[in-house]
């Protein structure tokens, strides 16, 4: 028998083009240089809208995939530069305008502030007393808690980090220019997924986690141990001293050998018990700070680093060993999936929209998961008792997640219109999903109807029974009980199971599932969250709104290329208002319109989630703890009986808790009162664009132009009404901005007052 040697795969190498695109300020100075029509300059006011719509739509600049890839790659560096500048500004505020050092000395008594308003015409009122004689705006970003966890002990260190951020921003701007104009990677480099996976897994995630674990062990842990013991920040050695002077570490962790080589030997000889002083497995929260044990999180990051460094050696590049992604995908055939994943490798290496759609859906879901974990297992010291920050972080990560998920659907639909090739996808999973899209969408539609009528029906029933004075006939914990038995079972399971599955852990991962109240400075950090009928009912509203959002977004993707109504939809593009005047009922069917409608339902969905969270935590978790251990919650546990009627939500949540923002004038919170009003205005302004006929505006504009002509002051650029799609875009943007800013003002004025 002869064994044929494996086919030699071409070697992977980094290939670039030298000086592919000249650097020309003259070209950049010309608006619309990337588009032949736009470059001619404006004839009508539509030009400025098209300029914004197409500036970053690289697909429309060129059809060359290599050039598009380079533009995206370069734009990523530009994006990172903006992020570094933004972060630098945050750190600079911490260094220059904050009470960080005072907060560090008394984190339970002093509120974080990093912004001081200049009293130009009386705005000084916004500088509230945050304790310790400092007057400023209370911040809710959680940065103080993050800085303490990192081991930052004074404002000079923040100053240095801010400068470091600007240096990094400059480096990123240079890299963005360099990799487009000087050394631009070839298309094959962008399509080399094995090398990318190896580098991202081992380098970015593996070494990234390892360096963070190293920082936590050598800097964060000793500094936080001293802070927790009550040592003043100014008496704590500087971070580099802990690294360079092993005797400092030996004082704090005497069991450990802090020698340069001898300290690493136990890791490779599996004698891991040597590290048990600072790589712990405590579980639960640190009772001093109310945050996760920093020694647990250091342990976690070290473990994650090991896993990802191993993962970064799994894919085959130049050494003939490891996985090939194309082989994995083509071998992946289920019993009911036909050709399975065949063709997906080509899809994901030639369509960046397809790639982006998956990444956005994943990152959005991850952000929502982060929101849930940040309050249940607060990762930083004194975060749990800073209620305004907890509420802000939850709300922030929920909104971000919602937007990213909708973005995933948007780019999924763009992929379908611009990049999908039916000939390449024969009987694979993508093709099969598209072939039975009617079954998928009609089932989803049925689920939405079921959830909508039943969840809303429970509320309507309860409102009616309460109005009739028949509490015994209501769905409630004291009437007809609808206990969330599965959720309670999961809570119980997670409280008991770790005793068997993680016998070395001192406590379960999260107190939210069960356990004792964790109190810091007389405030509840976390305690078991009791679930009842009210939660069961709201949960089904969540299920309803999520399913409707998914229905709209998925329908947009699955019907982006064609539908029974418009079989040639792909030819009309991703966004079009209607299929011409000759056909009725073809408006709002483009991929873009589904994203537009999906955004409203995403907004509905996330709003209910953050309202539920805000009220539930104030009612059943957050509050004060008396010396005898009794807990007094902010709203005294009113959620269970009030959140079961629509009237309860309107009266006991929205109206009752809006009193702080409505009555904020004349106090340091007055900016929130103004924001509340102003954001309502922006929201209402959006309706003008959403309930509008384009022809009305065009007629109005023409009579105004006529008047200008009469007076011989007619403009050279002809004014035109917004197109239908532009009007919708302006409408949805203001709707979301107004709604989110209203919620922000409502939440913060409330929780800063009572939290």
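Glycine residues also receive a Cβ, built from the backbone N, Cα and C atoms like all the rest.
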Among 48-71, 72-95, 96-119, indicate the range for which Swiss-Prot gives the feature transmembrane segment.
72-95
Any idea which of 14-37, 134-157, 158-181 is down as transmembrane segment in Swiss-Prot?
158-181
In Swiss-Prot, which of 517-535, 536-554, 555-573, 574-592 is tagged transmembrane segment?
536-554
Below 8 angstroms Cβ to Cβ, which residues of this chain, lying six or more residues outside the transmembrane segment (536-554), approach it?
405-406, 409, 440-441, 444-445, 447-448, 451-452, 454-456, 458-459, 475, 482-484, 487, 594-595, 597-598, 601-602, 604-605, 608-609, 612, 643-644
What else in the chain is close to the transmembrane segment (594-615), if you only count residues 6 or more beyond its ends and a Cβ gap under 8 Å?
375, 391, 394-395, 398-399, 401-403, 405-406, 409-410, 413, 538, 541-542, 545-546, 548-549, 552-553, 555-557, 560, 588, 635, 639, 643, 649, 653, 657, 728-729, 732, 735-736, 739, 743, 747, 750-751
Within this structure, do the transmembrane segment (197-221) and the transmembrane segment (158-181) have 3 or more Cβ pairs under 8 angstroms, counting pairs 6 or more apart in sequence?
no
Among 578, 688, 696, 697, these being the binding-site residues, pick the one whose CA is nearest to that of residue 680 (chlorophyll a' binding site).
688
Considering only the recorded stretches 72-95, 197-221, 669-691, state which has the highest number of Cβ pairs under 8 Å to the transmembrane segment (729-749).
669-691
From the binding-site residues 578, 587, 697, pick the residue whose C-alpha lies nearest to the C-alpha of residue 688 (chlorophyll a binding site).
697
For the transmembrane segment (391-417), what are the same-chain contacts with Cβ under 8 Å, counting residues 6+ beyond its ends?
140-142, 347, 351, 353-354, 356-368, 370-371, 374-375, 549, 553-554, 556-557, 560-561, 569-570, 573-574, 591-592, 594-595, 598-599, 602-603, 605-606, 609-610, 613-614, 617, 740, 743-744, 747-748, 751, 755
Taking every protein chain shown into account, which of the binding-site residues 578, 688 has the largest tally of Cβ atoms within 10 Å of its Cβ?
578
State the residues, same chain only, that lie 6 or more residues beyond the ends of the transmembrane segment (669-691) and have a CB under 8 A from a CB inside it; answer 'none' if no residue qualifies.
125-126, 128, 137, 660-663, 722, 727-728, 730-735, 737-742, 744-746, 748-749, 752-753
Rounded to the nearest Å - Cα separation of residue 587 ([4Fe-4S] cluster binding site) and residue 696 (chlorophyll a binding site):
18
